[in-house]
Every structure is written in C-alpha cells, then in structure tokens.
Amino acid sequence: MSVEQPLWRALTAYRVLTMLYAIGLFATAYEEFVRPWVAVAYYVVLAAWTLATLPRVASAARCTKGFLAADLTVALTGILLTPVADAHERVQAGGPTLPSIWTAGAVLAFAVKGGWRWAALASSLVAAANLIERGSPARDTVHNVILVCIASIAIGYVVEVARASERTLARALEIEAATRERERLARDIHDSVLQVLAMVQRRGAVIGGEAAELGRMAGEQEVALRTLVSGGLVPVSRVSEDATEGAVVRAVEEQPEESGPVDLRALLAPYAGAKVSLAEPGAPVPLVPVAAREVAAAVGAALDNVRKHAGSRRARGSSSRTSRTR
C-alpha cells in the first residue's frame, strides 16, 4: 500500500464532515441571510458534488487535474457567493463563508496530489477569493488564509518526502532481490560449467576454422557468467573492442569514492574478454579503495603491454583472497 493512501482516506472523511458542518452553520443562522435561497441552492450543489466525487479522492490515480480544478471552482464559487446570500453586516463582522472549512479540503487535495507547489497555487486562489469576498484584508481573514496556506504547503511537502522515500525503498528492495537472485545463480551454476566453456575456448583456438569462432563465443560466455556470479553485469565501456585485433583493455566508467573495503574482483572483471581470462575465488577479495584501484590500474597497464607487444596472444590473470594478482 502506498504511504500516501491513508491521507486520501482522511481527506474523504474530511470532505463529508466539513460539508455537514457548513450546512449546520447555515441552518443555525438561516434567518440572518438576506437571500437564503442562494445559500440553499449552493448547498444542494455542494452536497451532491461532495457525495458524487467521493471515489475521486480515494486515490491519486482517480484524483485528476480536471477534478481538482472543478473542485476548487466549487469552493471559490461558494466564497464569492457569500456576500450575495449573507447579510453585509455578517460578512464585515467576519462571518463564515458558504463553504466554510470545506474549502480547505479542496486545497488539501491539491497538496496530496501534486505536492507543496500545487498547494501553494490553490491556497493563493483561495486567499484572493476571501479578500474579494470580505472587501478588505481584515485581520481574521488574513489569519485564516495564512493557516490554510501553511497547512497545505506543509502537507504537500510531507507528501513529496514520503514519495521520495517510497521510491528509495522500492529501489533498495529491487537491488536486494537482484542480489539474492545473483547469489542463487552462483549456487546453481556449478564450476564445471565454467570449466567446460574454458575448455571449448582452448580447443577451438587449437583446432581453428569454425571451431575457433565457437571457442571465442564460449570464452565470451565464460566471462559473462563469471562476472554475473561475482558481481553483476559488466559496466558499460567507453571504448568499444576492435573487431579486427581484439582490444585487450576496456576503459570503464569510474565508480564513486567508497569508504569501506572494495571487492577487487569487481574492479578486475571489466578487463576480462575473449582474449583475457580471469581466474578468481568464489568469495570476495576485499581491499581498501586506494589499494584496489592501484591494483586494477596495474592490471590494466599490464594488459595494455600485452596488447602492444604480444599481439593477439591470450592473457591470463588471477585474484585470490591474499590480495596477490598475477
């Protein structure tokens, strides 16, 4: 369930209760209205609208922009009709508007749906309508307007933070699920599969012809499987392999600085390729970040020398938990 779903349920109840409250205020002061029929007509529309649109405020998906605009229009219309229906003395004395605190529900819907920016826009329109209805910026009017603005903007900000936290949690769960799946694959893929691929690669190179192509493909699959088992997919290279000579060294994107130990296997895995085989233990080879990067750079330099001076010959490397690389 979404973290904001309880807010939608609370908003649904708020709209119904505040509608009944506004109608109750009108009923207790019915005789003081100069045009009560205007208020009655408005409350009929307000009650019908509130009850008919309850499903609209049940979730963010159903609360569309069109509904929000129409809902705020109903609230603003009630505010502007207040001087028409009520006595001038009551309006100047700070009497309640026709929708009363129901208006805050329309503003809160903007906040829950779109965050604090939408809430600021809706509360600004409500503030303007209240000033027009009163005719002057009286202290109680300004006070009520500020309360609505602060409350709606605060709720909108909380909703944005909650959504960001929910997305972060979902991403963390995805990473955890991917890690568990990789660990499951590591248990299921027996080392003999990798050995068979390595043997096919070696025999294909010896036989030559079509077998050499088959051996090359087997070598690529061996590298991909080892990389998947050890730490996931190989990072995207910034330099593609040479189709004719077969580049030995791949320049990968630099990773952000880390404070804890770094698995040396993850730094060496991108160097593996059809002409570079990497032997590594099943367990991580932890090193401090600086040392791990230095070892990886040294391996890259060594492979670069192989490419320059040994041509198309193969290169082999191994990593162990004693942090020795050869």
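Glycine is treated like the rest: Cβ placed from N, Cα and C.
Taken from TrEMBL, the feature domain 'DUF5931' covers 1-170.
What TrEMBL lists as transmembrane segment is 12-30 (among others).
Summarising the annotation, TrEMBL assigns transmembrane segment to 36-54 (among others). Residues 12, 15-16, 19, 22-23, 26, 30, 67, 71, 74, 77-78, 81, 84-86, 98-99, 102 of the same chain lie 6+ residues outside the transmembrane segment (36-54) yet bring a C-beta within less than 8 angstroms of a C-beta in it.
The transmembrane segment annotation in TrEMBL covers 66-85 (among others).
According to TrEMBL, the transmembrane segment annotation covers 105-129 (among others).
Sequence annotations record features per position, and here TrEMBL assigns transmembrane segment to 141-159 (among others).
Annotation comment: TrEMBL describes 306-326 as region 'Disordered'.
Summarising the annotation, TrEMBL assigns compositional bias 'Low complexity' to 317-326.
Within the chain carrying the transmembrane segment (12-30), a Cβ under 8 angstroms from the stretch's Cβ atoms is held by residues 36, 39, 43, 46-47, 50-51, 54, 57-58, 90, 95-96, 98-102, 104-105, 108, all 6 or more beyond its ends. Long-range neighbours of the transmembrane segment (105-129) within the same chain, counting only residues 6 or more positions beyond its ends whose Cβ lies under 8 Å from a Cβ of the stretch, are 4, 7-8, 11, 14-15, 18, 57, 60, 63, 68, 71-72, 74-76, 79-80, 145, 148-149, 151-157, 159-160.
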